Each structure stands twice: as structure tokens, then as C-alpha cells.
Amino acid sequence: MKLLWQAKMSSIQDWGEEVEEGAVYHVTLKRVQIQQAANKGARWLGVEGDQLPPGHTVSQYETCKIRTIKAGTLEKLVENLLTAFGDNDFTYISIFLSTYRGFASTKEVLELLLDRYGNLTGPNCEDDGSQSSPESKAVIRNAIASILRAWLDQCAEDFREPPHFPCLQKLLEYLKQMMPGSDPERRAQNLLEQFQKQDVDSDNGLLNTSSFSLEEEEELESGGSAEFTNFSEDLVAEQLTYMDAQLFKKVVPHHCLGCIWSQRDKKENKHLAPTIRATISQFNTLTKCVVSTVLGSKELKTQQRARVIEKWINIAHECRILKNFSSLRAIVSALQSNSIYRLKKAWAAVPKDRMLMFEELSDIFSDHNNHLTSRELLMKEGTSKFANLDSSVKENQKRTQRRLQLQKDMGVMQGTVPYLGTFLTDLTMLDTALQDYIEGGLINFEKRRREFEVIAQIKLLQSACNSYCMGPDQKFIQWFQRQQLLSEEESYALSCEIEAAADANTTSPKPRKSMVKRLSLLFLGSDIIPGSTPTKEQPKSAASGSSGESMDSVSVSSCESNHSEAEEGPVTPMDTPDEPQKKLSESSSSCSSIHSMDTNSSGMSSLINPLSSPPTCNNNPKIHKRSVSVTSITSTVLPPVYNQQNEDTCIIRISVEDNNGNMYKSIMLTSQDKTPAVIQRAMSKHNLESDPAEEYELVQVISEDKELVIPDSANVFYAMNSQVNFDFILRKKNSVEEQVKLRSRTSLTLPRTAKRGCWSNRHSKITL
């Protein structure tokens, strides 16, 4: 047994690095077992070892050299596409094609591949004796054919460049000349015809931007709670899953890369990543639909409103059975939003078993340990045929088992629709934490391998979605599309009309903990909204939901009626409706809601719980340019994460305390960083380079009533408090006295117009 263990341990050996001009390779040696026939006659006849009975074969081992490129110039990375298979780096082509947009364009890669390495008849090829032989040309031709076949199959969207499709035309011209009649040529020709047809249909208005658009001539009818109650819960969950699955399967995985997704706020990129935007829009529409149906009209009785809440809880449970984590999270987020959760009388009328079910569903998205629960569920059930549900409530357990048994009896297999924000968060954090280039200006390809691990999960789940056997129910989809969605102001105002705030003029409202964040904000990657940490109690928010059409704004709560740049999901601060529900509020207060981008440990928790400002605020913070991290990180060192100091690095979040200061920026901090350097980098992230750095101070938020002012001469890594959230404020030094006065005026009450995230209720300060 000991010898066997030693053999396994030594089967792969790290051999070190090989450095060539323009490239660095990592080399490992792997022992590979080979089955051979025991007698010479069988070996001479070419009989394979696995075709012989036991006892007629012998096992032999050979050492296989695996060489994987760690970093290189663009030319070397493209050249490695041709040689990777010979180096036993079998995943390189897929990794490169999925991530190369982070350092090159399709045109650059195609020109290098075809003009430099694919020109088998040019003078360069004739001068190179090693490539001029027919055998060498055949090897290169086969390698290029395999690369192009994979490119056209896996990443066809790279060639969508209407109206002329220059890269696809160049590729097709090359294939007609070098590989006439080949499979890649047929694929390229079919793809060009498909793109051209779609382009014509789009110009003629025949191509809908949404898969679920209604015909214009259909008479619109206003939906409401009365009509909503006519749909069965399993039908609603199934239709939501159908819509989510269709949208998720259309997501272009490489658009989730942090280097691409973080650029969507630029004006020239307003149409960037439309498939991701469509998924976000569906999420936000569902949250607003939940809010609208629960609030309904003022005439609804408390019991009727409670039944609508109960129905949505049951629908969320059905989504859990269908493994639709996107709609599940949207429904939970909406029910936890301020406009709904403040309805104490309605929640008090919800049956206890449904409240316990709601608590269990909320716990799925707890941000404890970097959302470990939801991640484990996704890993466990991502490609499984059925959900695996355990409930502490006996009635819920019985109901769930009946539903699952019915699915098994009918032979129905379920796919999985993930919460995309988790992946978006992970990829954004990877992009922030890992450098794009290493010493010598070489492209850091180890970073791309890490990114591909996340991309591969997305692709795997997209394939799993094909297991769903569902069709559209036009009646429900039409009702869903026709919903009169309420803005934040409207939903909160209606909520207050339904149930007036208790003693709002005499006592300050009880602070609540943030539970979830709106989807579009979670997708903002490193641009994070303050108040997102579950351990901090925040002042009261006024509303949830909005009516935006795009998601280019990061304002926590857009307060204007014309949300031209705000596509926002639910805001979810919680207030315990009554004492029986206090346990629910506390146990699920760490819940959050968004897809994804999930790195290590608690690294992504920073992106999960931004809060919303009251709707009376008139300032929408702007998204600033992404700042690429160039701090040195090697593949042998744990990447820095938020709220955790790994060796000598960590990630902190810094906001600017001013009228627009409700946006966090992630910054990687090392043990060598002094306060002035950190302030300078934070100012650069927030586009404040024109201001003198000496006018600002760095303040760590300890709690709602305590701050830690970092001295100008301090080493921030060691001066900060590592036992609390790594949240900092960049504050002008001459504004401290004014803010102290402001605190004294607002400490007794929290008016509805108080801006969330401005820390105006902080009472004390700690200085070193």
C-alpha cells in the first residue's frame, strides 16, 4: 500500500521552467502506464493490450513531457496553437480561443495565424527548410484546420462584424485557396450566410432583440394580481425557467471576462455583450414583477396580499426543484426588498411553514464564506439529473419528495440555470487581481488559464440547459410582458400607502442589515456600492426596483423618473415585520443576490450586497474607466481576496465621500504600500487625478459609529484593522468638521431623504 501511494505521488513531477525568446514554459514530467501484449507474436500482429484477456498483458511506464506556456508575446502564443498538441498541452487551443480578447483582437490573431504560419506556399515557407517538406506542410495544414474548426465551432461570435464581416471573409478566402472543399471551408461559408441573413432580417425589423417579444398588433392588457392568481405555481416556475434557460444558452461566455465586461460603461460600448444584458434585464423584470403583483392595488386586503406573497414563495421553491437559481434569486431578492418586506401585516398573515420555507431559500444565497452554500449547490447539481433538496420542515420535505418522484417517474431530466453574477464577479476579481503582463512585457497566460476555469463552468452549464424539455406558454409570457412595472419611487410610495410607517416622526427606524443587491450592480465587478457587507447595519432605504432599460449606471438607487442609463434590480434592506419574523430577518440578513464572478475564499463577497439610496436623491454616480492592475502576482501565490490578508496581499474597497460617493473601487494592497500611494491609486480609480492627493485622508470603516483614520506615514496593510470589513473612505481633510456637525443634527432621526452609503450617522473616530 505504501509503495502504491508513493507511485501515485511521483507520477507527476515538476521539472521547472524553460525560457525561450519571447516565451516562458512550465515543464512537468508525467509517468504514463502502457498496456502491452506479453508475447512478441501478439505485439508483432499489432494486438492492443486492452483486447487481450487478463494475464496476457504487461504494464510498462514511459515518461511523458508536458510543456505549457506561462507567458509569451502574441506571436509566440499564436505559434503555440500549432505546437501545443505536440507538447501535450491539450487544452491550450480552447483556453486561447476563450480568452484571447483580453490581449488581442480577432483580426490580429487571424492575420498572424494565416499570414505568418498558414502561408504554405509563400517565400517564407520555402526559405524555412524545416517547413518546406511535404510532411511538414501536411502537419501544419492539419493543425491549422483543427484550430480553425474549433474557432468556428466554439467562438463563432468572434466573426460577427456586420455588414461586411472582414475577418470571416479573409478566413473564407484563405480556406478556398489552401483547403478547398474542406470541412472548415464549409463551416465558414455556412456561418457567413447565417450572419448575412440575420443582418438583413435585423435591417428589416424581423429580428427581435428579445426571444419573448409580443406581436405589435396584439392588444395589450394590463396584468395584475387577480390574473396572476390564475396561473399555477409549477406553470409559472416552468415558464420562468424556460425563459431563463433560453437566454442563458445564448450567453457568449467570453463576454463575461472582466476585461470585456468592465468596459461596457463606455459610450462606444453601449451595445457590448447584449446576451449578458438580456439575462440581466430578465432578472430585473422578474424582481419588479414580483413587487408589482404583491403591492397590486391599495384595495387588496391583507389576507389577499399575504396569499400573493405565499404564492411567490411557492414559485421560488418550484424554481429550486427545477434548479433555476436565477429566478429563485430574483424572487427572493424581490420579497426581501424594502417595499415588500416592510408590509408587516401582510407578512404576519403568511403561514409559518411558508415563512420557514422562505428562510431556507434565502439561506441558499447567504454570503457566508464567499457564498459557499450556493457554490456547493451549483457544483453538486450543475450536471445532475434532478435537484437534491433537504428541508428541516417536514411538510416541505414531503412536498418536495413528491415533486421529485413525479419527475423521476416521468423520466424528466432537469438542466441548471445558474446565477450568472457569480461568474461575472469571479472573472472581474481575477482580472483585477492578476496582472496582464509580466516582466519583459510578456502576456501573462497563466491568468488566462485561471479565467478559463470559470468560462468552462459556464459552457458546461449551458450544455446542461439542453436537458430541459419545456415549451413557451404564450398566455403566461404575454401576461409577464404586459406587467405594469413600478419604479422605486412608485413601489415605495404605494407600500407606504398600504401600510403607513409606524411612529416615523418620533423615533428613528430600526437599522436593518443588507440582504441582497440588485443584479445590475452585482454585475459591475470592481465598481461596488457601499453598504454591501452583511455585518454592517445601514440606515433605512426608501424603495426598491426601478424602470431602467440599460444597466450602464451604478447608482444604488436612481431617483429620477427618466432612468435612461439605469437598469437596476431589487434593493434589499430588511426590516423585521414583527417579532415572529425576527429570526428570519437575522438568519437571512447575510443573503445576497447576483450571478456571477466568483475567486477564492471570501474574495467575492465584496460584490454581493450593495444597498440603494433613497429615491429622493438626485445624483447618479458615474461609472469610471477600469483601471488595470499591474501588481505582480505569480501562479504559485494565492491571489489576493477581499476581507482576507493572504501572505502580504489583500483587496480593499475604497469609496469617495462626496455627493456621488456611493461607489466602491477594488484596489489590491500589498505589505509595502504606504498611505499616500494608496490614496493616489484610489484617486486614479475614481478619476480624481486633478485633485491634490495631500487634501485627502484614508479612513477605514470599523462600524456604523466608529472609523479608523490611517496616518499619512503608515503602512496601510499593517495599520488597518483586519478583523472588520476592508472598507475604506477617501475623504477630503477639510470636510471633517462639517461632517461632524452634520452627524450631530441627524443622529436622532434618519429622514427618508438621508443618503444611503454616505456614513452620515457615524458618531466617533479612531486615530492612530
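Just so it is clear, glycine is given a Cβ too, placed from its N, Cα and C backbone atoms.
As written in Swiss-Prot, here are the features:
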- 65-196: domain 'N-terminal Ras-GEF' (DOMAIN)
- 232-501: domain 'Ras-GEF' (DOMAIN)
- Ser520: phosphoserine (MOD_RES)
- 530-623: region 'Disordered' (REGION)
- 541-561: compositional bias 'Low complexity' (COMPBIAS)
- 586-596: compositional bias 'Low complexity' (COMPBIAS)
- 597-621: compositional bias 'Polar residues' (COMPBIAS)
- 648-735: domain 'Ras-associating' (DOMAIN)
Fill in the blank from the handout: the domain 'N-terminal Ras-GEF' (65-196) resolves under DSSP into 94 helix, 8 strand, 30 coil
Exercise for the section: Run through the domain 'Ras-associating' (648-735) and tell me, per DSSP, how many residues are helix, strand and coil. Expected result: 21 helix, 36 strand, 31 coil
Completion exercise
Across the domain 'Ras-associating' (648-735) the predicted model averages a pLDDT of 85
